[in-house]
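Enquirer: In case it's useful when we look at the structure, here is the feature table from Swiss-Prot:
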BINDING   Asp13, Asp14, Ser44, Asn102  divalent metal cation binding site
Amino acid sequence: MNKKKPLILVTNDDGITAPGIRTLVEVMKELGDVIVVAPDSPQSGMGHAITISDTLFCEQVTIKESYKHKEYSCSGTPADCVKIATQEILHRKPDLCVSGINHGSNSSINVIYSGTMSAAVEAGIEGIPAIGFSLLDYSLNADFEPTRKFIKTITKNVLKNGLPIGVVLNVNIPKLKEAEIKGIKVCRQANAHWEEEFDKRTNPQGREYYWLTGKFVNKDEGKDTDEKALEEGYVSVVPVQFDLTAHHFIKDLSSWSLND
C-alpha cells in the first residue's frame, strides 16, 4: 500500500507572488502534497497581528498554469493565513507548515517582529510542526537558488523526526553561493536589538509625519548565536518556543510580598 504523502502548508509575509515563496513551493513539491495560503500583498513586520475588526477575503488563484496544487490569496496577515487554512480550507491537518522564503534576515530579535516567523508560530500553536525560512538578501532580485539544498535537508529532517510541542524552527540562510555556505549550525538567538530613529518630515499640507529608521546593534559576542553562524557563512537554525514564561524568575518573583 502506498504511503500517503505529507501535506505541506506553504505561506509567507512577502505576498503570494513573491519570488521567495515560489522557490519554497518548488522545493516542497519534491517532499509532499502542497497547498499555498498566503497574503495578497506584502505583510512584512506584522508580527503576530490578526484581523479581528475587518472582513477577511480568501480566494483561489492561479499563479502558474502548470501548477497542479491549489493556491489561495488572503487579504489578511500571515497568522490569518494559517488560521483560515487550517479552519476553512484544508480537509485534514497539515503534516508541516513552512513560511518564507523571506527577503531579509529574521535572526536575533527580528523574530519578534517577523510575519514570516509568526505564521510558523501560529502553526505551532495549532500543533503543526513548522519552519520559517529567511534569506539575508533584501534585494528584489535576490537569488534564492542557493537556499534549495539547505531547505530540503532541514525540511526532510523535520518530516522524519518531528518537533516538540511548542517549538518551531527559525532558519536563516546567508547571502552566499551554495558552494560558499559552510553548512548548517544549530544556534541560540543572539541578544541583539534595534536602535530606532524617526525621520521627521512635513507633507505639502503642513502636517508632520515620521519614517521609522534605525540600525541593528549586536553586542552579543557569543560563538553559539545565530548572528555568529551567519557571519561565518553557516545556515543558522534556532529552535523557537512561544511559551513566553520566564521560568527562571518564577521562584524569585514568588518570594515578593505581593499579598501584603
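Easy rule for this one: first residue shown is 1, then count along the chain.
Using N, Cα and C of the backbone, Cβ positions are placed for all residues, glycine too.
Please situate the listed features within the shown structure.
Expert: DSSP assigns Asp14 (divalent metal cation binding site) to coil in the three-state reduction, placing it in neither a helix nor a strand. Using a 10 Å radius centred on the Cβ of Asp14 (divalent metal cation binding site) and all shown protein chains, the other Cβ atoms total 23.
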Enquirer: When a 10 Å sphere is centred on the Cβ of Ser44 (divalent metal cation binding site), how many other Cβ atoms does it contain?
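Expert: If we count other Cβ atoms within 10 Å of Ser44 (divalent metal cation binding site), we arrive at 17.
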